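Listed in TrEMBL:
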- Glu490: active site, proton donor (ACT_SITE)
- 59-81: compositional bias 'Basic and acidic residues' (COMPBIAS)
- 668-787: domain 'F5/8 type C' (DOMAIN)
- 790-936: domain 'F5/8 type C' (DOMAIN)
- 1-24: region 'Disordered' (REGION)
- 51-81: region 'Disordered' (REGION)
- 105-167: region 'Disordered' (REGION)
Amino acid sequence: MAPLCPALPTRRAPPQRPVDGTAAAVPCGRLDSARGEIGISVRDRHVRLPIPARTAEVGPDRPSGRGGDGDVRRCGPSLRRDGRMSARTRCVFLRVLAKVLTDSSTSAELAPDGFVPLPNERKRHQRERRATPGSRTNGGPMQHASARRPDPTPPRPGSARRPRAAATAAVTVAGLAAVAALTTTAPALADEPVNAAPLVVPSLREWTGGTGEFRLDDGARVVVPAALSDLGEQLADEVLELTAHRVDVAVGAEPRDGDVVLVLDPALGHAPGGERFDEEGYALDVDPDVLTITAPTRTGVYYGTRSVLQVLVQDDARSAVPVGESLDWPDYETRGFMLDVGRRFFTPEFVRDYIAMMGWFKLNEFQIHLMDNEISPAGGDWSAAYDGFRLASDDPAFAGLASTDGAYDREDWQSFEDAAAAHGVQIVPEIEGPAHARSVIRWKPEVGLAGGNSDHLDLANPETTATMKAIYDEFVPWFEGPDVHMGVDEYFASPALFREYFNTMAAHLRDLGKHPRAWGSFTQMHGSAAGYDRDVTINAWNNGWYSGASAVADGYDFINTNDATHYVVPFADYYHGNGLDDRWIYETWLPHVAGNVTVAPGAPQGAMFAVWNDLVHADYTEQDVHGLVELTFPAMAQKTWAARTPDLPFSGFSALTRTLGLGPGIDVVEFTGGSERPGELSHGAEVTASSADAGHDAAHLTDGQTTTRWATAATDPATITVDLGAPQRVGAVEVEWTTAHPASYDVETSLDGSAWTRAARHTVAGPGVDRVDLPGDAARWVRLTAVVPATDQGLGAWRLSVLGRPDLALGAAVTASGTEPGTTFVPAHAVDGDPSTRWSADYSAQPWLAVDLGEPRTIDEVTLRWERASASGFRLDVSDDGTTWTEVASRTGMEAAARTDVVTVEPTTARHLRVTVTAKAMEPWLSLYDVEVRGTTPGGAEIDAEATVRCLAGTAYVAVVVRPEETADVAITTAHGSRTFADVAPGRAAYATFSARAGQVAAGTAQVEVTTDGGVATADVPYAGATC
C-alpha cells in the first residue's frame, strides 16, 4: 500500500481529544489503489474501507487563516475529472475521518445522499445560496444582475467557479462507523512545506502557497467564455512564443486536467483592493490540475495572464507554475509613461512594441506628445526651427499640417488603439497649445505671435482658437480612450488670455466626449488656480509651476510627473540625460512624493515618467532612447502597483527583469538587458544550423532576445556553428534548450573553419540552461555536432552563448574619481556582473575607475562595456601597490556610441587595474556598464601529468593521469572527450581514458587545467600516435 498523505500541518491541526486516556487518537491511513481501498490503522488494529465512489474534495473555498478547509487544501492534487478519487481527495477523506473522530464539537450531520459534508463545506453552500442567480459553478463564465456582490464580504479567488465533479467532501457513514471503533496513539504532526510567492513584475499583493506545481504542456487548452475568446487566442499565441508549447483555445468548454481557465466575473470583489481591484484586480488560483484566472474585468484577466506568463518563462522547461492562490491589484489608477514624438519621430512599429511592453509590466497609460518644436532656434529665427506634428489627415483642409519626416495616418493610429485594447493600456493623445505650437504657426502663420515668428499662438486673434478647435474636431474621433491632453503650459504671454484658452478648450473637449488633461501651470501664470476649470486632470510636473500639494488644496485630480525625479531628456546635460536612477525609484521613491513636495499616500491619481526629445539636432535613435529607460518601465510598474518598499533586493529585481525581457509580441525594440551577457563572445555573431523551421532560424540563438528561438522539427542529429569573427579564448558554451532538447552533443572548435578539435562530449540533463566548460583555448569557430534529439519533437533552443574566460574583476573592490551627483550609479556597478547596472562618473575632465584584483594576476585582456555616454579616449594602467602606475594600453578617436571595447595587452602581472577617461563622447556625461579583466594567476599549481595511448580489444584509447601537489579541481580535455574531477587530494590522481572509437589514433595533446585556492594552471600534455 502506498502512503496516503503526509502529516498534517501542526498550526492547522484539528483539536485532539484523548480517547484511551493516554494520547489523542488520529487515524493513520494508507491507500491500496489496486484494490480500491483505504486502510485505516489505529495502534495495532486495522480496517479496510472501500473508496467512496462519490467522494470529492472540499469545494473551492480558500483558506482564511481559521483552519478548516485550509487544512484540506494543502493535501495536493484535486479530484480527477473522470470521477475517480485523486490523491488530494483521498487525503481529504482521511482528514475528515480524523476531524470527526478527534473533535467532539464536529457535528456529523448526515446529508440526504448519505454523505457527511465538512463543516466549512456547509458554509460554502450557504454562500452559494446567497450568490446572484444565474451563476455557474463549473468554471464557465458567470453572469450577474449587478456589477457588485451584495454580500460585503468578497469571495476568495475562484469561489464557486472552479470545475469539480461533486459538491462536497464526504465520507460514508459505514466508513465512519468502522473507524469509530478504533483507538490509537498518533505520531506528532509536522508542517508541510508550502510554495513561496512566485516572482513577477510588479510583485503579487497577496499569496497563499500550496504544495506541488501545475504544469502547462503541449495539448493543454485555454478555456474561455465567448466574451474572452479574443484574449484566449492572444494567450495561446503568447504561450507558444514564450514557452514553445502549443495550446488550443476552447470556448465555453468544461475544463479538464492541464487547462488554463479564464473567468470573467463582474461580481468578484476584494475589500482591501476596493475600486482598484474592481477595475484591474484578479484572482489567480493554481492547483496541480487546473490554473484559473478570475477577474471582474477583461483588463484584470489580462493582467492575470501576464503574471502566469512571467512565472512560466522562469522555469527551465517553461512549463511550471507553483500551486497556490493570489489576489492582486494596483495601488494607483494611473501607472504610465509619456513619450515626446513631436520633436523626434518614433516609428509605428516602435510605438506598438512599447504598448505591448507596458502591458507586460501592467503599466496602463501611454501619453503620446504629438506636437512640439525645438526650444530656442538659432538667432531667434523661428522660420528655421524644427517642429513636428505627427498626425496626418487625408482631409485637404489640413494639408501641410503633418510633418513630412514622419506622421501617423488613421490606419497607424488605429493599430495603436488595437494594440492598447489588447494589452490593457489607455492611450492619452496630446495636442499642444498655446505654446510649443510652431507646427500650427508654420501651417497658418497668421495665428502666431510676432507675425508668425514664434512658437506661441496669438490668443487675441479669434481665428487662433477656431483653428485649434478644428484640429481637435478632426482628430479626436480617431481617439478611443476617454482622455485627451491639451498641453497648455509654458506660455509666456497674456495670463488672462491663457486662462480663457484653457477653459475654452477644456469645455470643447468635453463637448467632443473626452475628459481634458493639462500640464499644471496655474501658480506660474496666475499665482493660483482661481478662475480655472476644475474638471481637468493635471500633470503636476514642476512644483514651482503647480505642485501636487496645490492640486490637492484646489480639488484637482492630478498625476505625479515631477521633472526633478521623472524627466529624461536623452543625452542632454540636464533632466537625467543619461537615464533615471532606477535603483532609487525601486528602493526609495513613492508615488505621493514629488521632489521636495510630499502629499498623502493615495492623493495622486498615479504617476508617470516622461521622455522629452529636446535635442532635435542630436544624432540618436529610438533604440538609443530605449536603452536609457528600459529598466525604468519595470521599476515604475513595481512602485505604482505596490507603493511600498519591495521585499526583493534591487539586484534580484534587476536579474528578474533580465529573465522576463520585454514580453511577447515585440517586433523592433531590442532588449538591452539581455543583449550581451558578461563575458559573452557570441552576441550578434553569425550562426548557422543544419536545419531550421520557418520563423525560427539559427540567428535567434545569438540575438540576445528572450522570446525568440531556434527550432527544427527534424529528428536527425543537428549541427550548429557560431562564427566569432576573430580568434577568441573560449571558456564555456551555454545553451538554453526548450523541452525539445538533445540527449547529448559534442563541442568542437576551430581556428580556420576546416580543422576541428573536439573540446568536449556532453550529456544533457533536460530543458533549461546547459553549460559546458572549456579549457580556454583560442578559436574563431565553435560548433555543436552530433546534437541528438532526446524526444520526437525535434530540437529547439532559446539561446546559445559562447563565453570567454572567467572575469577576474567580478566582485572586486573598486574605487573611482567620483559618482554623478544625486544618483546611485556607484562604481561597484562596473564589477557586479549585472549588464543593466552602470557607473555614472562625476563631471571631472578625466574621470577614472580602479579595480583591486585582490592578488597579483597575469592580465592579458580587458573588456569595457560603455553606455552611449562613452569614452572617445581612454588609458589603461596597472600597478602592484595601487600607487605607482604603468600604462599598458590607450585608445583615442573611438566611436561616440554605446559599444564594447576588448583590449588585448601584453601579459602583465599586476594586482590593480585603472581605467582613465581622456576624452568624453558626450560631455559632461560618462557611463560605464562593465569592466572585465581576464588572465591567469601567476605561480598557480604545478602540473604533474602524462598522456599515453593504450590498446584494448583492437581499439585505441588515450589515457591521461594528473597528480596535483595540493587539493585541486582537475579538468582533462582531449579530441576524444573531456572529464572533470573535484577535490583531488595530494597523493591521489585524476585518471581518465578516452576511446578513439577506432584502431588507431593520431598524435595530439591533452589539455589539463588544475584549479586550486592559489589560482588556475593549464598545460598541454602531448601523446604519440599509435595503431592497435
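Positions of Cβ are set from backbone N, Cα and C atoms, glycine also.
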In DSSP terms, helix, strand or coil for the residue listed as 'active site, proton donor'?
coil
Helix, strand, coil: count each for the residues of the domain 'F5/8 type C' (790-936), based on DSSP.
5 helix, 85 strand, 57 coil
Let me know how many other Cβ atoms fall within 10 Å of the Cβ of the residue listed as 'active site, proton donor'.
19
Along the domain 'F5/8 type C' (790-936), what average pLDDT does this model show?
93
